[in-house]
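Enquirer: Could you have a look at this structure, given as C-alpha coordinates, before my questions?
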Amino acid sequence: MQKETSNPLTIAVLGGGSFGTAIANIVAGNGHDTRQWMRDSESAEACREARENHKYLPGVALHPELCISSDLQEAVQGCDIIFVAIPSKSFREVVRRVAPLLKPGTMLISTTKGIEHDNFHLMSDILREETTGMRVGVLSGPNFAKEIVAGHYTATVIASEDESLCKDIQTALHSETFRVYSSNDVFGVELAGALKNIYAIVTGMAAALDRGQNTISLLITRSLAEMMRFAEAMGADPMTFIGLAGVGDLILTCSSDLSRNYRVGYLVGKGKSLDRAVAEIGQVAEGVNTVRLIKQKADEMGVYMPLVSAIHAILFEERPIPEVIRNLMSGAQTFDVAYSAKP
Ligand SMILES: NC(=O)C1=CN([C@@H]2O[C@H](COP(=O)(O)OP(=O)(O)OC[C@H]3O[C@@H](n4cnc5c(N)ncnc54)[C@H](O)[C@@H]3O)[C@@H](O)[C@H]2O)C=CC1
Ligand SMILES: O=C(CO)COP(=O)(O)O
(Lines of atoms letter the chains of each structure in order from A and count residues from 1; the text may use other names and numbers.)
(Lines give C-alpha, C1' and ligand atoms only; values in the text may rest on other atoms or scores of the structure.)
(Ligands and ions follow the chains in the order given, each with its own letter.)
Protein backbone atom coordinates (compact mmCIF):
# COMPACT_ATOMS: atom_id res chain seq x y z
CA MET A 1 0.00 0.00 0.00
CA GLN A 2 1.35 3.47 -0.90
CA LYS A 3 1.45 5.96 1.96
CA GLU A 4 1.47 9.70 1.28
CA THR A 5 4.45 11.47 2.79
CA SER A 6 4.77 15.22 3.13
CA ASN A 7 8.54 14.94 2.78
CA PRO A 8 9.52 12.42 0.12
CA LEU A 9 13.23 11.57 0.32
CA THR A 10 15.56 9.84 -2.07
CA ILE A 11 16.71 6.60 -0.49
CA ALA A 12 18.98 3.78 -1.63
CA VAL A 13 19.34 0.33 -0.14
CA LEU A 14 22.60 -1.44 -0.92
CA GLY A 15 22.25 -5.22 -0.96
CA GLY A 16 19.99 -7.59 -2.84
CA GLY A 17 19.40 -10.07 0.00
CA SER A 18 16.43 -10.60 2.26
CA PHE A 19 16.93 -7.71 4.67
CA GLY A 20 17.82 -5.16 1.99
CA THR A 21 14.67 -6.13 0.12
CA ALA A 22 12.51 -5.84 3.25
CA ILE A 23 13.82 -2.35 4.06
CA ALA A 24 13.50 -1.21 0.43
CA ASN A 25 9.86 -2.35 0.37
CA ILE A 26 9.07 -0.44 3.57
CA VAL A 27 10.52 2.89 2.43
CA ALA A 28 9.05 2.58 -1.07
CA GLY A 29 5.68 1.85 0.56
CA ASN A 30 6.06 5.03 2.59
CA GLY A 31 6.20 7.08 -0.61
CA HIS A 32 9.95 7.72 -0.85
CA ASP A 33 11.86 7.58 -4.13
CA THR A 34 13.60 4.25 -3.43
CA ARG A 35 16.34 2.44 -5.28
CA GLN A 36 17.69 -1.00 -4.35
CA TRP A 37 21.16 -1.81 -5.58
CA MET A 38 22.29 -5.37 -6.18
CA ARG A 39 25.70 -6.18 -7.61
CA ASP A 40 24.56 -8.81 -10.05
CA SER A 41 22.86 -7.42 -13.18
CA GLU A 42 21.08 -10.69 -13.94
CA SER A 43 19.53 -10.81 -10.48
CA ALA A 44 18.49 -7.16 -10.79
CA GLU A 45 16.90 -7.84 -14.17
CA ALA A 46 15.09 -10.93 -12.82
CA CYS A 47 13.74 -8.96 -9.82
CA ARG A 48 12.63 -6.09 -12.07
CA GLU A 49 10.81 -8.42 -14.46
CA ALA A 50 9.16 -10.67 -11.88
CA ARG A 51 8.63 -7.88 -9.31
CA GLU A 52 9.82 -10.45 -6.81
CA ASN A 53 13.19 -11.30 -5.22
CA HIS A 54 12.74 -14.98 -5.92
CA LYS A 55 16.07 -16.10 -4.43
CA TYR A 56 15.78 -14.38 -1.03
CA LEU A 57 12.09 -13.59 -0.48
CA PRO A 58 10.08 -15.86 -2.76
CA GLY A 59 6.39 -15.08 -3.09
CA VAL A 60 6.70 -11.50 -1.81
CA ALA A 61 5.59 -8.75 -4.20
CA LEU A 62 8.07 -5.92 -4.54
CA HIS A 63 6.58 -2.47 -4.24
CA PRO A 64 5.60 -1.26 -7.76
CA GLU A 65 7.55 2.00 -7.32
CA LEU A 66 10.76 0.34 -6.07
CA CYS A 67 13.51 0.86 -8.61
CA ILE A 68 16.06 -1.98 -8.80
CA SER A 69 19.46 -1.37 -10.31
CA SER A 70 22.88 -2.96 -10.58
CA ASP A 71 24.41 0.43 -11.44
CA LEU A 72 25.83 1.79 -8.19
CA GLN A 73 26.12 5.38 -9.38
CA GLU A 74 22.53 5.42 -10.66
CA ALA A 75 21.32 3.93 -7.37
CA VAL A 76 23.01 6.33 -4.95
CA GLN A 77 23.01 9.57 -6.94
CA GLY A 78 21.43 12.43 -4.95
CA CYS A 79 20.38 10.16 -2.09
CA ASP A 80 19.45 11.58 1.32
CA ILE A 81 19.65 8.20 3.06
CA ILE A 82 21.53 5.02 2.22
CA PHE A 83 20.87 1.77 4.06
CA VAL A 84 23.80 -0.65 3.79
CA ALA A 85 22.57 -4.27 3.99
CA ILE A 86 25.74 -6.00 2.83
CA PRO A 87 27.29 -8.90 4.81
CA SER A 88 30.21 -7.83 7.01
CA LYS A 89 32.69 -9.73 4.84
CA SER A 90 32.07 -7.37 1.88
CA PHE A 91 30.84 -4.27 3.72
CA ARG A 92 34.07 -2.24 3.50
CA GLU A 93 34.60 -3.04 -0.17
CA VAL A 94 31.11 -1.78 -1.07
CA VAL A 95 31.31 1.34 1.14
CA ARG A 96 34.69 2.19 -0.40
CA ARG A 97 33.16 2.04 -3.89
CA VAL A 98 30.18 4.14 -2.93
CA ALA A 99 32.05 6.84 -0.94
CA PRO A 100 33.06 9.08 -3.88
CA LEU A 101 29.52 9.01 -5.26
CA LEU A 102 27.80 10.54 -2.21
CA LYS A 103 26.63 14.07 -1.60
CA PRO A 104 27.87 15.65 1.68
CA GLY A 105 25.72 14.98 4.72
CA THR A 106 24.14 11.78 3.37
CA MET A 107 22.75 9.58 6.15
CA LEU A 108 24.53 6.21 6.03
CA ILE A 109 22.77 3.50 8.01
CA SER A 110 24.23 0.05 8.58
CA THR A 111 21.80 -2.84 8.99
CA THR A 112 24.57 -5.43 9.21
CA LYS A 113 24.92 -7.48 12.40
CA GLY A 114 28.52 -8.53 12.18
CA ILE A 115 32.14 -7.67 12.89
CA GLU A 116 34.77 -7.21 10.20
CA HIS A 117 36.85 -10.31 9.51
CA ASP A 118 40.39 -10.28 10.91
CA ASN A 119 39.98 -7.17 13.05
CA PHE A 120 37.44 -5.83 15.48
CA HIS A 121 35.81 -3.08 13.43
CA LEU A 122 32.06 -2.73 13.59
CA MET A 123 30.16 -1.54 10.53
CA SER A 124 29.70 2.02 11.81
CA ASP A 125 33.51 2.20 12.22
CA ILE A 126 33.84 1.27 8.56
CA LEU A 127 31.27 3.88 7.50
CA ARG A 128 33.25 6.54 9.39
CA GLU A 129 36.64 5.33 8.18
CA GLU A 130 35.72 5.10 4.50
CA THR A 131 33.75 8.35 4.11
CA THR A 132 34.03 12.00 5.14
CA GLY A 133 31.29 14.46 6.00
CA MET A 134 28.55 11.82 6.26
CA ARG A 135 26.03 11.19 9.05
CA VAL A 136 26.22 7.67 10.45
CA GLY A 137 23.67 5.42 12.17
CA VAL A 138 22.96 1.78 12.90
CA LEU A 139 19.66 -0.07 12.60
CA SER A 140 19.26 -3.20 14.71
CA GLY A 141 16.49 -5.12 16.46
CA PRO A 142 14.33 -8.25 16.41
CA ASN A 143 13.62 -8.12 12.69
CA PHE A 144 13.25 -11.24 10.59
CA ALA A 145 12.98 -9.99 7.00
CA LYS A 146 10.34 -12.62 6.22
CA GLU A 147 8.09 -11.43 9.05
CA ILE A 148 8.54 -7.75 8.15
CA VAL A 149 7.38 -8.33 4.58
CA ALA A 150 4.51 -10.50 5.85
CA GLY A 151 3.30 -7.44 7.78
CA HIS A 152 3.87 -8.82 11.28
CA TYR A 153 4.02 -6.05 13.89
CA THR A 154 7.70 -5.28 14.29
CA ALA A 155 9.95 -2.79 16.09
CA THR A 156 13.58 -1.87 15.66
CA VAL A 157 16.16 0.61 16.96
CA ILE A 158 17.98 3.40 15.15
CA ALA A 159 21.15 4.31 17.00
CA SER A 160 23.14 7.46 16.37
CA GLU A 161 24.67 10.34 18.27
CA ASP A 162 22.92 12.54 15.71
CA GLU A 163 19.42 13.07 17.16
CA SER A 164 18.00 14.57 14.02
CA LEU A 165 19.20 11.55 12.00
CA CYS A 166 17.29 9.30 14.43
CA LYS A 167 14.12 11.36 13.89
CA ASP A 168 14.50 11.27 10.10
CA ILE A 169 14.98 7.49 10.08
CA GLN A 170 12.04 6.99 12.45
CA THR A 171 9.85 8.98 10.07
CA ALA A 172 11.18 7.33 6.90
CA LEU A 173 10.60 3.79 8.20
CA HIS A 174 7.52 4.10 10.39
CA SER A 175 4.47 2.31 9.01
CA GLU A 176 1.27 0.72 10.29
CA THR A 177 3.25 -2.41 11.12
CA PHE A 178 6.78 -1.09 11.73
CA ARG A 179 7.95 1.03 14.69
CA VAL A 180 11.38 2.54 15.21
CA TYR A 181 12.78 3.41 18.66
CA SER A 182 15.94 5.49 19.06
CA SER A 183 19.17 5.17 21.02
CA ASN A 184 22.35 7.21 21.32
CA ASP A 185 24.43 4.12 22.23
CA VAL A 186 25.68 3.23 18.75
CA PHE A 187 28.36 0.87 19.99
CA GLY A 188 26.01 -1.00 22.36
CA VAL A 189 23.24 -1.44 19.78
CA GLU A 190 25.69 -2.59 17.15
CA LEU A 191 27.53 -4.94 19.48
CA ALA A 192 24.24 -6.47 20.66
CA GLY A 193 23.20 -7.24 17.07
CA ALA A 194 26.50 -8.99 16.39
CA LEU A 195 26.72 -10.89 19.69
CA LYS A 196 23.23 -12.40 19.69
CA ASN A 197 24.07 -14.38 16.53
CA ILE A 198 26.54 -16.47 18.55
CA TYR A 199 23.88 -17.51 21.03
CA ALA A 200 21.41 -18.35 18.26
CA ILE A 201 23.94 -20.95 17.11
CA VAL A 202 24.06 -22.29 20.68
CA THR A 203 20.29 -22.60 21.09
CA GLY A 204 19.88 -24.05 17.60
CA MET A 205 22.30 -26.75 18.68
CA ALA A 206 20.36 -27.34 21.91
CA ALA A 207 17.18 -27.77 19.87
CA ALA A 208 18.91 -30.33 17.65
CA LEU A 209 19.85 -32.27 20.77
CA ASP A 210 16.15 -32.33 21.82
CA ARG A 211 16.72 -30.23 24.90
CA GLY A 212 13.53 -28.75 26.40
CA GLN A 213 12.40 -25.25 27.33
CA ASN A 214 14.26 -25.27 30.67
CA THR A 215 17.50 -25.55 28.71
CA ILE A 216 16.54 -22.87 26.18
CA SER A 217 15.58 -20.49 28.98
CA LEU A 218 18.84 -21.19 30.82
CA LEU A 219 20.83 -20.54 27.65
CA ILE A 220 19.06 -17.31 26.67
CA THR A 221 19.36 -15.85 30.17
CA ARG A 222 23.02 -16.72 30.64
CA SER A 223 23.70 -15.48 27.09
CA LEU A 224 22.32 -12.10 28.09
CA ALA A 225 24.56 -12.07 31.19
CA GLU A 226 27.58 -12.84 28.99
CA MET A 227 26.65 -10.19 26.42
CA MET A 228 26.28 -7.53 29.12
CA ARG A 229 29.56 -8.51 30.78
CA PHE A 230 31.40 -8.26 27.47
CA ALA A 231 29.67 -4.98 26.56
CA GLU A 232 30.64 -3.40 29.86
CA ALA A 233 34.27 -4.51 29.48
CA MET A 234 34.30 -2.96 25.99
CA GLY A 235 32.87 0.35 27.24
CA ALA A 236 29.28 0.00 25.96
CA ASP A 237 26.27 0.69 28.17
CA PRO A 238 25.06 -2.71 29.44
CA MET A 239 21.55 -1.27 29.88
CA THR A 240 21.24 -1.09 26.09
CA PHE A 241 21.13 -4.88 26.24
CA ILE A 242 17.77 -4.91 27.99
CA GLY A 243 16.21 -3.14 24.99
CA LEU A 244 14.97 -4.33 21.60
CA ALA A 245 18.43 -4.54 20.07
CA GLY A 246 19.66 -6.66 23.00
CA VAL A 247 17.29 -9.03 24.75
CA GLY A 248 14.62 -8.44 22.06
CA ASP A 249 16.80 -9.70 19.24
CA LEU A 250 18.36 -12.38 21.46
CA ILE A 251 14.95 -13.94 22.25
CA LEU A 252 13.87 -13.76 18.61
CA THR A 253 16.97 -15.26 17.08
CA CYS A 254 17.42 -17.92 19.77
CA SER A 255 13.83 -19.16 19.41
CA SER A 256 13.21 -19.58 15.73
CA ASP A 257 14.51 -21.55 12.79
CA LEU A 258 13.85 -18.48 10.65
CA SER A 259 17.29 -17.47 11.97
CA ARG A 260 20.14 -18.61 9.75
CA ASN A 261 22.49 -18.67 12.76
CA TYR A 262 20.07 -20.88 14.69
CA ARG A 263 19.90 -23.20 11.67
CA VAL A 264 23.71 -23.44 11.53
CA GLY A 265 23.69 -24.58 15.18
CA TYR A 266 20.85 -26.99 14.50
CA LEU A 267 22.62 -28.64 11.57
CA VAL A 268 25.92 -28.94 13.46
CA GLY A 269 23.97 -30.39 16.41
CA LYS A 270 22.58 -32.99 14.02
CA GLY A 271 26.11 -34.03 13.07
CA LYS A 272 26.89 -31.93 9.98
CA SER A 273 30.27 -30.27 9.61
CA LEU A 274 30.31 -26.47 9.99
CA ASP A 275 31.23 -26.01 6.32
CA ARG A 276 28.40 -28.24 5.21
CA ALA A 277 25.90 -26.44 7.47
CA VAL A 278 26.93 -23.00 6.19
CA ALA A 279 26.78 -24.17 2.56
CA GLU A 280 23.34 -25.75 3.07
CA ILE A 281 21.91 -22.49 4.41
CA GLY A 282 23.26 -20.55 1.42
CA GLN A 283 22.74 -17.14 3.05
CA VAL A 284 24.90 -15.15 5.42
CA ALA A 285 25.20 -16.49 9.01
CA GLU A 286 27.29 -13.75 10.60
CA GLY A 287 27.62 -15.55 13.95
CA VAL A 288 30.17 -18.06 12.68
CA ASN A 289 32.85 -15.42 12.19
CA THR A 290 31.67 -13.48 15.25
CA VAL A 291 32.34 -16.50 17.53
CA ARG A 292 36.02 -16.48 16.50
CA LEU A 293 36.44 -12.76 16.96
CA ILE A 294 34.66 -12.57 20.31
CA LYS A 295 36.54 -15.58 21.70
CA GLN A 296 39.83 -13.93 20.78
CA LYS A 297 38.79 -10.57 22.24
CA ALA A 298 37.34 -12.08 25.43
CA ASP A 299 40.57 -14.06 25.98
CA GLU A 300 42.69 -10.94 25.42
CA MET A 301 40.61 -8.93 27.88
CA GLY A 302 40.06 -11.70 30.41
CA VAL A 303 36.24 -11.57 30.15
CA TYR A 304 34.52 -14.74 31.35
CA MET A 305 32.34 -16.02 28.47
CA PRO A 306 31.73 -19.73 29.00
CA LEU A 307 29.10 -20.08 26.26
CA VAL A 308 31.35 -18.41 23.69
CA SER A 309 34.21 -20.70 24.72
CA ALA A 310 31.92 -23.74 24.50
CA ILE A 311 30.58 -23.01 21.03
CA HIS A 312 34.09 -22.10 19.84
CA ALA A 313 35.36 -25.47 21.11
CA ILE A 314 32.65 -27.31 19.17
CA LEU A 315 32.89 -25.32 15.93
CA PHE A 316 36.64 -24.71 15.70
CA GLU A 317 38.47 -27.05 18.09
CA GLU A 318 36.74 -30.32 17.15
CA ARG A 319 35.71 -30.97 20.73
CA PRO A 320 32.85 -33.45 21.18
CA ILE A 321 29.53 -31.86 22.13
CA PRO A 322 28.85 -34.09 25.21
CA GLU A 323 32.26 -33.25 26.70
CA VAL A 324 31.72 -29.51 26.16
CA ILE A 325 28.28 -29.69 27.79
CA ARG A 326 29.70 -31.60 30.77
CA ASN A 327 32.34 -28.88 31.26
CA LEU A 328 29.73 -26.13 31.07
CA MET A 329 27.46 -27.80 33.61
CA SER A 330 30.30 -28.39 36.07
CA GLY A 331 31.57 -24.76 35.97
CA ALA A 332 31.51 -22.54 39.08
CA GLN A 333 28.00 -21.59 40.30
CA THR A 334 28.03 -17.82 40.80
CA PHE A 335 25.58 -14.91 41.26
CA ASP A 336 22.44 -14.84 39.15
CA VAL A 337 22.12 -11.09 38.50
CA ALA A 338 25.31 -9.06 38.59
CA TYR A 339 23.63 -5.66 38.05
CA SER A 340 21.64 -3.74 40.60
CA ALA A 341 19.39 -0.69 40.33
CA LYS A 342 20.38 0.25 43.93
CA PRO A 343 22.89 3.11 44.17
N1 LIG B 1 17.63 -11.40 6.99
C2 LIG B 1 17.24 -10.85 8.13
O3 LIG B 1 16.16 -11.18 8.65
C4 LIG B 1 18.09 -9.81 8.78
C5 LIG B 1 19.40 -9.58 8.39
N6 LIG B 1 20.13 -8.60 8.98
C7 LIG B 1 21.52 -8.36 8.64
O8 LIG B 1 21.58 -7.80 7.34
C9 LIG B 1 22.81 -8.15 6.71
C10 LIG B 1 22.50 -8.65 5.33
O11 LIG B 1 21.69 -9.76 5.53
P12 LIG B 1 20.68 -10.37 4.50
O13 LIG B 1 20.12 -9.39 3.56
O14 LIG B 1 19.73 -11.14 5.30
O15 LIG B 1 21.71 -11.36 3.77
P16 LIG B 1 21.48 -12.31 2.55
O17 LIG B 1 22.38 -13.46 2.68
O18 LIG B 1 19.99 -12.54 2.38
O19 LIG B 1 21.95 -11.40 1.31
C20 LIG B 1 23.18 -10.80 1.24
C21 LIG B 1 23.22 -9.95 -0.04
O22 LIG B 1 24.45 -9.28 -0.08
C23 LIG B 1 24.97 -9.44 -1.38
N24 LIG B 1 26.43 -9.34 -1.38
C25 LIG B 1 27.31 -10.18 -0.82
N26 LIG B 1 28.56 -9.75 -1.08
C27 LIG B 1 28.45 -8.63 -1.83
C28 LIG B 1 29.39 -7.75 -2.44
N29 LIG B 1 30.71 -7.94 -2.34
N30 LIG B 1 28.92 -6.71 -3.13
C31 LIG B 1 27.59 -6.51 -3.25
N32 LIG B 1 26.65 -7.31 -2.71
C33 LIG B 1 27.10 -8.36 -2.00
C34 LIG B 1 24.50 -10.80 -1.82
O35 LIG B 1 24.54 -10.90 -3.24
C36 LIG B 1 23.08 -10.78 -1.30
O37 LIG B 1 22.23 -10.14 -2.20
C38 LIG B 1 23.46 -9.25 7.61
O39 LIG B 1 24.53 -8.72 8.31
C40 LIG B 1 22.36 -9.61 8.59
O41 LIG B 1 22.89 -9.89 9.88
C42 LIG B 1 19.58 -7.79 9.92
C43 LIG B 1 18.29 -7.97 10.33
C44 LIG B 1 17.47 -9.03 9.84
O1 LIG C 1 19.10 -10.64 12.86
C2 LIG C 1 18.13 -11.29 12.52
C3 LIG C 1 16.80 -11.04 13.07
O4 LIG C 1 16.76 -9.93 13.90
C5 LIG C 1 18.28 -12.39 11.54
O6 LIG C 1 19.01 -13.39 12.12
P7 LIG C 1 19.85 -14.40 11.23
O8 LIG C 1 20.92 -13.60 10.56
O9 LIG C 1 20.34 -15.43 12.17
O10 LIG C 1 18.88 -14.97 10.22
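Just so you know, glycine gets a Cβ as well, placed from its N, Cα and C.
Any TrEMBL annotation is an automated prediction that lacks curation.
Per TrEMBL, the feature active site, proton acceptor maps to K196. According to TrEMBL, the NADPH binding site annotation covers S18, F19, R39, Y56, K113, A145, R260, V284, E286. TrEMBL lists K113, G141, K196, D249, S259, R260, N261 with the feature sn-glycerol 3-phosphate binding site. Taken from TrEMBL, the feature domain 'Glycerol-3-phosphate dehydrogenase NAD-dependent N-terminal' applies to 11-165. Residues annotated as domain 'Glycerol-3-phosphate dehydrogenase NAD-dependent C-terminal' in TrEMBL: 185-325.
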Enquirer: Using Cβ-Cβ distances, find the residues under 8 Å from S18 (NADPH binding site) that belong to the same chain and are at least 6 apart in sequence, listing them in sequence order.
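Expert: N53, Y56, L57, A145, K146, Q283 - these are the non-local Cβ neighbours of S18 (NADPH binding site), listed in sequence order.
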Enquirer: Tell me, by DSSP, whether N261 (sn-glycerol 3-phosphate binding site) is helix, strand or coil?
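Expert: SS state of N261 (sn-glycerol 3-phosphate binding site) = helix.
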Enquirer: Check the recorded positions S18, R39, K113, K196 for any whose Cβ is under 6 angstroms from an atom of ligand 2, and report them in sequence order.
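Expert: K113, by Cβ distance under 6 Å.
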Enquirer: Between E286 (NADPH binding site) and the residue listed as 'active site, proton acceptor', how far is it from one CA atom to the other, in Å?
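Expert: Given the Cα positions, E286 (NADPH binding site) is 10 Å from the residue listed as 'active site, proton acceptor'.
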Enquirer: Within 10 Å of the Cβ of R260 (NADPH binding site), how many other Cβ atoms can be counted across all chains shown?
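Expert: I count 23 other Cβ atoms within 10 Å of it.
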Enquirer: Among G141, K196, S259, R260, N261, please name the recorded positions whose Cβ is nearer than 6 Å to ligand 1.
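Expert: Checked recorded positions vs ligand 1; nothing flagged, none.
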Enquirer: By DSSP assignment, list the helix, strand and coil residue numbers for the domain 'Glycerol-3-phosphate dehydrogenase NAD-dependent C-terminal' (185-325), in that order.
Expert: 110 helix, 0 strand, 31 coil
Enquirer: Using the structure shown, find which entry in R39, K113, K196 (the recorded positions) has the sparsest Cβ neighbourhood within 10 Å.
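Expert: Lowest Cβ count within 10 Å among the recorded positions (R39, K113, K196) is R39.
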Enquirer: How big is the Cα-to-Cα gap, in Å, between S259 (sn-glycerol 3-phosphate binding site) and R39 (NADPH binding site)?
Expert: 24
Enquirer: To which of the binding-site residues D249, E286 does the lowest count of other Cβ atoms within 10 Å belong?
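Expert: Among the binding-site residues D249, E286, the sparsest Cβ neighbourhood within 10 Å belongs to E286.
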Enquirer: If you measure from the CA of D249 (sn-glycerol 3-phosphate binding site) out to 10 Å, which recorded positions from the list R39, K196, R260 are inside that radius?
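Expert: Correct set: K196.
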Enquirer: May I ask for the distance between N261 (sn-glycerol 3-phosphate binding site) and K196 (active site, proton acceptor), taken between their Cα atoms and rounded to an integer number of Å?
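Expert: So the alpha carbons of N261 (sn-glycerol 3-phosphate binding site) and K196 (active site, proton acceptor) sit roughly 9 Å from each other.
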Enquirer: Taking only same-chain residues 6+ apart in sequence, whose CB is under 8 Å from that of G141 (sn-glycerol 3-phosphate binding site), what do you get?
Expert: T154, A155, T156, V157, Y181, G193, L244, A245, G248, D249
